[in-house]
Amino acid sequence: MDILRKVAEIHGTPTYVYFEETLRKRSRLVKEVFEGVNLLPTFAVKANNNPVLLKILREEGFGMDVVTKGELLAAKLAGVPSHTVVWNGNGKSRDQMEHFLREDVRIVNVDSFEEMEIWRELNPEGVEYFIRVNPEVDAKTHPHISTGLKKHKFGIPLEDLDSFMERFRSMNIRGLHVHIGSQITRVEPFVEAFSKVVRASERYGFEEINIGGGWGINYSGEELDLSSYREKVVPDLKRFKRVIVEIGRYIVAPSGYLLLRVVLVKRRHNKAFVVVDGGMNVLIRPALYSAYHRIFVLGKQGKEMRADVVGPLCESGDVIAYDRELPEVEPGDIIAVENAGAYGYTMSNNYNSTTRPAEVLVRENGRISLIRRRETEMDIFKDVVM
């Protein structure tokens with residue numbers, strides 16, 4: 001793609017590149033699935049926290065699902081109204097609660113009995129509580145991002161809901177919240193989880209529900225079938241006066257590419273390594289989840305060589321892609337990593353005292369905008385007290 005080469009020439013590498021057109025199209029697809037539903041769509045800021053991208057999603061009618069004060073600040077910088085912010089997470093401290101209340105956030109997903117006790121002590125006005133329940137449903141995804149089983153740290157078991165409601169019946173509980181995991185590509189886990197939670201909602205007369213997210217994308221083959229999701233899930237949601245959904249990866253991952261420059265090609269015996277200028281410091285997903293990302297070399301085609309694409313860091317796990325067929329690669333070539341818009345920059349790090357990458361947006365009119373400058377080495381140490 002010529003535009004990616006142009007970005008690399010202007011802004012260097014490693015660089016994340018996002019396409020506004022794709023971002024808007026994917027956000028609209030989400031809303032189309034829920035046609036006829038009283039929907040509050042929210043974007044999961046953990047997937048990508050750049051306020052420029054969040055502003056685009058705000059323009060598309062999205063609120064924000066946030067976990068931390070930092071994610072809330074990102075939403076505020078994007079101009080997202082407080083009444084469309086949902087506070088999620090399993091480790092809310094009293095100090096954080098007081099901060100979010102000062103920022104006028106009023107929709108809260110409560111994760112535990114213990115958390116609700118703190119809310120009861122604070123007794124804030126106007127807070128709408130959604131209780132995260134654990135439906136004991138296997139999402140059939142990577143264990144690190146599966147969240148719907150009793151062994152996981154999230155939510156309260158459905159069988160404990162009666163005692164929860166009895167204990168906190170004086171609180172302004174508006175509905176239930178369920179989120180069984182991430183990168184789910186089959187409809188069946190959603191159907192199983194939602195059927196349990198919808199029945200529980202009816203038992204308590206709840207007219208609102210938060211169904212979480214978890215929609216999987218096509219990294220290497222299968223993507224969630226939205227037509228099947230619409231057919232099997234959405235009809236039961238139309239009875240609710242408000243349905244909250246939190247979608248991150250599905251919207252932003254296909255909108256982004258990671259550009260890396262080949263430093264050298266290392267050959268030994270029958271093994272080849274293409275060494276690039278960013279590894280698990282800029283994209284940790286392959287190292288952390290054994291995640292697969294399609295890659296291609298700008299301006300080259302063919303399958304002349306088979307190699308691991310590896311980063312420059314001091315770990316054998318510092319790998320972008322294993323055993324890929326590539327054209328004959330040379331130092332200076334640019335490799336593009338697909339579906340890199342989610343959990344890329346937000347999980348980047350300074351390991352080996354490397355700098356975080358730049359972020360660039362390609363506007364709908366084709367204009368290239370720098371939306372986050374590349375870190376410098378001095379940025380890494382600016383908070384050190386000597």
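Each Cβ is built from the backbone N, Cα and C atoms, and glycine gets one as well.
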Listed co-binder of pyridoxal 5'-phosphate (same site as GLU246, ILE247, GLY248, ARG249, TYR343, source Swiss-Prot) among GLY205, GLY214, GLY311: GLY214
For LYS46 (N6-(pyridoxal phosphate)lysine), nearby residues of its own chain (Cβ under 8 Å, 6 or more apart in sequence): VAL67, GLU71, GLY248, TYR343, THR346
Other C-beta atoms that fall within 10 angstroms of the C-beta of CYS314 (active site, proton donor): 9
Pairwise CA distance, ARG249 (pyridoxal 5'-phosphate binding site) versus ARG285 (substrate binding site), rounded so that it is a whole Å: 13
Densest Cβ neighbourhood among TYR289, TYR343 (binding-site residues), 10 Å radius: TYR343
Whole-number Å value for how far ARG285 (substrate binding site) lies from GLU246 (pyridoxal 5'-phosphate binding site) (Cα to Cα): 21
Other CB atoms, at most 10 A from the CB of GLU246 (pyridoxal 5'-phosphate binding site): 27
Rounded to the nearest Å - Cα separation of GLU315 (substrate binding site) and ILE247 (pyridoxal 5'-phosphate binding site): 33
